[in-house]
Amino acid sequence: MSNQNPGQHQNKNQNPGKNQNQNRSQINHHFCPPENEDFNLKETTPILGGGRVTANDRLGTAFDLVEQMHYLFIRVVKAKELPLQKDGNSNPQPFAEVQLGNLKGLTLHFEDRSSPDWNQVLVVLKDRIQSRILQVCLRDKSRISGSDDGLIGRVVFEVNEVPKRVPPDSPLAPQWYWLENSKGKKVKGELMLAVWIGTQADEAFPEALHLDATAVNGDGVANIKSKVYLSPRLWYMRVNVIEAQELQLANNNRQQPEIYARITLGNVALRTKISLSKNVCPTWNEDLMFVAAEPFEDQLVLSVEDKVAPNKDELLGKCVIPLQDVEKRIDFSTPISKWYSLEKDVVSQDGNKKVAKLNSKVHLRLSFDGGYHVLDELTHYSSDLKATSKELWKPSIGVLELGILNAQGLSPMKNRDGRGITDAYCVAKYGQKWIRTRTILNSFNPKWNEQYTWEVFDPCTVITIGVFDNCHLQGADNNDKVSDSKIGKVRIRLSTLETDRVYTHSYPLIVLTPAGVKKMGEIQLAVRFSCSSLLNMLAMYSQPLLPTLHYLHPLTYYQIDNLRHQATQIVATRLSRAEPPLRREVVEYMLDVGSNMWSIRRSKANYVRIAGILTGLIAICKWFNGICTWKNPFATVLVHIIFIQFVCFPRLILSAIFVLLFLIGTWNYRMRPKNPPHMDIKLSQAEIVPWDELDEEFDTFPTSRNIDVVRMRYDRLRSIGSRMQAVAGDLANQGERFYNLLSWKDPRATALFLIFCLIASIVLYVTPFKVVVTLMGFYTMRHPRFREKLPSVPLRFFRRLPAKTDSLL
């Protein structure tokens, strides 16, 4: 969860010589979080959907995972027959003003219109109503002056008499009301209104303007509303550069040109190797991979260049290819190759540039590979594993429902009027669907009570929920360089949830800063995973985790890393262009951009995980050593008796092993986890962090140190260390998955494994041991013709098991 902060770190390192002694004295300084901070997960019992929800309750309402919040809705539709202005010739400039005690909200105003049409909805939380009178005043903006409030007329309501409306009832029909002046006498003009009390389940709620948010102006009003976003559909684009013909060199006497091709798509540029054929007909036959997003807005630009000097390249020709013409494929069939003519910009005698077509051509194979899943998240935290092509999608297996209730004890994130405040909102990401709650202004204990739903295609996926401070409430007048501040993040793996159970917990919001780990508050969530077909969901555990093309034609580590960077940048750019934008810093934080950078703290965490895995093996070795040394004579004699029985009846060995595993798993059922995993600062090695390790983790990459030699070695060390960190993490994952076979963290997977153990113990008991060993040996040494490139079913099952990565910061 670390974030790069170049500016702050560069100020820290501007004078390394001066601060050398000070830094040396801080090397052994450890940051410790305050002792009174509680970083644990807490189970809660909120009143949801109008009643208290327990662990296994299932209510029928659409908003049954959140607390009902009652609001007063005022829909201002339109007006008619408004009086002319005082001159008697021009129409008024009307707008409506809703007054409720000290709360006030305004609609748009229209120029020179006697029959305005607003159709705007204003709401206020019922608990914040401090007046029994609701006034909807119609005013003329052109008449407002020092003594004249521009009142055309008003409509008055008693709040206690406002009717209630509960969905799925139809919307309340608006009515025409006669206007009256401040003395209660009827005046010319009518106003169409609808006033009712409803909940956040009302369809008018998402677009309504809150009366307590009137301090927000301009475009900032859109930034406080709840919205749903969709990530663009991403494709892997493969460009196979085959050859070029009849290239025209600027210097015809050049004997051995060094020619290569450069391909540019959007902001990404890749190049082939220099052709081995040193002539004007070079050949490459090289694949280059890009990420493209629908709708395809960019064009593919290919240029053929000659490296005439170490720092000088000469353009021999280029071509522009629209992406709409590129072939889409779902398998690895060979796409149709095409010849593309090259062109070149030339300057005419009058100084104007024009495009000249050349006789040169380039031979390419272009394709969109829809059989892959475009990775825009880390595989450990992926929320979507489907292939790009919809033809390869399988039916959904269930529904994920998330209720974002409230937060408690948020830290002040910025200063306004000399005091610390927080304007908090939440973002949740699962699959292609992103949601953003409304912003609760100036509150350290905001209440959202918003509920959202996602289709689930794979249970071994993760939903991510982040909390942010809104710093863009002044719209276009605000500084564009200001970024929304992160408050914390929560990850929940669906496979660790029991089906149809409502999980209500308060999760700690933890961030890692250059000063150490800090708890920013807590967020209360309600989560339910519903399964439409248990059989289909259990069958998913035998399927490959990723689409089959990832295994039949795998991408290299370098390609995956590069393509993931492209994908995250495309998603961040597209979502930042929405209205209101989901800003780049928010998207990058949710997608864990930069989390694969070198960190001693993460490496220590992976080392501790590996040590924890080996603890069980070490314990078995110590126990066996105790048997051999007769520390417990009774146990030693018992082991000797069991050993003799296995020698006499070898077919009991495998059966006994599986029975033992079955009994251990059954015994562990009592100790199965009751709560989903959460961020663990102890496991993340963030509880006690040396100052120099945090200084390195938050350093820029490349480093901002001034000494060139140190910079080179430092960057090389971090680059190698990041690979070692990934390998150590993968090793830890495999070991933790092995332990989780019997831990009931994924109850469905453990149940399947225990059933397999029980069946295997029976089969192995009735089958002669020699037959079992013979079949296993022949199967292991089977001919390659009978082997599949896809992972085996046990390996597919094993890779779907959860690990402790869900709890890492």
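Placed from the backbone N, Cα and C atoms, the Cβ positions cover glycine too.
Taken from TrEMBL, the feature region 'Disordered' applies to 1-44. Here TrEMBL flags 1-23 as compositional bias 'Low complexity'. Taken from TrEMBL, the feature domain 'C2' applies to 53-177, 218-340, 381-507. The transmembrane segment feature in TrEMBL is assigned to 607-625, 637-664, 751-779.
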When you scan the chain for residues with a C-beta under 8 Å from the transmembrane segment (637-664), skipping those not six or more beyond its ends, what do you find? 627, 742, 754, 757-758, 760-762, 764-765, 767-769, 772
What does DSSP give as the helix, strand and coil breakdown of the domain 'C2' (381-507)? 10 helix, 63 strand, 54 coil
Report the DSSP secondary-structure composition of the domain 'C2' (53-177) as helix, strand and coil residue counts. 9 helix, 51 strand, 65 coil
DSSP tally for the domain 'C2' (218-340), helix/strand/coil in that order, comes to 10 helix, 69 strand, 44 coil
Take the transmembrane segment (751-779) and find every residue of the same chain, 6 or more past its ends, with a Cβ under 8 Å from one of its Cβ atoms. 538, 541, 650-655, 658-659, 661-662, 665-666, 741-742, 797
Which residues, given as numbers and ranges, are at least 6 beyond the ends of the transmembrane segment (607-625) yet have a Cβ under 8 Å from it? 683, 685, 728-729, 731-732, 735-736, 738-739, 804
